[in-house]
């Protein structure tokens, strides 16, 4: 009937108008977030200009070249003023962000905090040190977006515990850095704030998900940053950008008031593969100073779930010979020739320095990748993950992954017959609660097996590869399978750090032409394309210790750093 037809047409029109209005609302929110960022940049530019007018003689290059330990010493003794250091780093951060798009937002309250710490009677270990923090680490009055539209609404109401402790130790958080949409990526791009570039090569990714931190620190715009790691998100940007980074045991540092909900989108609490917060810097001593500052009574008081274990400086400063396990491939995803060369050269240097090197084979990494890691995040088949993408706003780097979860169950089963096991896991159908408990048990059983293998060899630490060098833009989203080297130690919840030890050479590039991986399949060929053109880029190794032994891990990293710098 005409009335029914008219009603149907009106309904369709109303639906179309509603969708259009919703899309406009989303676009407005994104534009408003970008305007707010731009206003923050202008405010900081004016602040730097005012400071320059008041203090004309500032040796910026000298300040920026100081290692963190030396900078902290000069700030403590008063030979450098906190204001001079802060505005020097803000000015450099403005320059680096203009080139790389690494900042999500400046923290203008840093100027008020500067005045406050200068009035304090007691100076903390990080007195006057400017520090950058990753987008999703809560800072009062600022958004914690994770690159997602739906989190553009409400500013954080309270500082995270980690930020509170940093401020108590005299540090000055001055910038929040960019992240990939949803954090579940090792690139650094989102639809709101755009793509972050590597400061070492603008055609390369800085890594992720702490990619904004990596780009800012590597570009010289920050001397110390805090990232998070649930699959390699501290270690991969450190590898790509030539930095040192530490993923501690989860809960060695507090994660309270950090937006972990946005990371563990498909898991019931507590997550079987936990998130860890950790430092990123230009050298290992900087990481150690940061850990020493954070592992204090204030941290233990504010978060009673953190074990009250202060930093053990005696372990960090020890010079005793170590028994070191090593491997240059995990048997799952073969890494580029330059990475394996870096591990072998580091092994030889450690052996020449008097350490004992023992071949080590991590057990069943294929099983870890296909059965343990991704099932921990997508226990619901990716439904909660899809809910994060308000208005179907999806960054290009995540579209392939997001589209996988949209495939109907029958289609997933058909794809499971022809695709690699990891992809099967990514598009797996929902599992029962009983199966999820079994999965938790499988992870615990694997940890027990791994530790037994470690102890049977009498190892102190392990030397192993980390993915690198930096990927060409657009490739991280196509190669999730490549990060088994870092994912393994998230499943195990072991402390693991990254140290740059070499650079890609012309010989490495020539050897890459012969690279075939294990089976010369599309994944192997894609990796070859991703790392091509990397001559001069940093190559890193990974250093691992048993749970709660961050000091030993750092001591091992320092040994590797020292030997490689001498070389």
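Yeah, the Cβs are placed from backbone N, Cα and C, and that goes for glycine too.
Since this is a predicted model, take the numbers as computed values, not measurements.
The active site, charge relay system feature in TrEMBL is assigned to 134 (among others). The Cβ of residue 134 (active site, charge relay system) has 176, 177, 179, 209, 210, 212, 213, 225, 226, 227, 228 as same-chain neighbours under 8 Å, each 6 or more residues away in sequence.
Summarising the environment of residue 209 (active site, charge relay system), the number of other Cβ atoms within 10 Å of its Cβ, over all protein chains shown, is 34. The annotation active site, charge relay system is assigned in TrEMBL to 209 (among others).
Positions annotated as active site, acyl-ester intermediate by TrEMBL: 233. Annotation for residue 233 (active site, acyl-ester intermediate): same-chain Cβ neighbours under 8 Å, separated by at least 6 residues, are 183, 186, 208, 209, 210, 227.
What TrEMBL lists as substrate binding site is 183, 209, 230, 231, 232, 233. In sequence order, 184, 186, 273, 373, 483, 486, 487, 490 are the residues of the chain that are 6 or more apart from residue 231 (substrate binding site) and have a CB within less than 8 Å of its CB.
As annotated by TrEMBL, domain 'Amidase' applies to 85-554.
Residues annotated as signal peptide in TrEMBL: 1-16.
Tertiary neighbourhood of the signal peptide (1-16): none, as no same-chain residue meets a CB-CB distance under 8 Å with a gap of 6+ residues from either end. Cβ packing within 10 Å was compared across the binding-site residues 183, 230, and the lowest neighbour count falls to 230.
Within 10 Å of the C-beta of residue 232 (substrate binding site) we count 31 further C-beta atoms, all protein chains included. The full span of the recorded substrate binding residues, 183, 209, 230, 231, 232, 233, taken as their largest Cα to Cα distance, is 11 Å.
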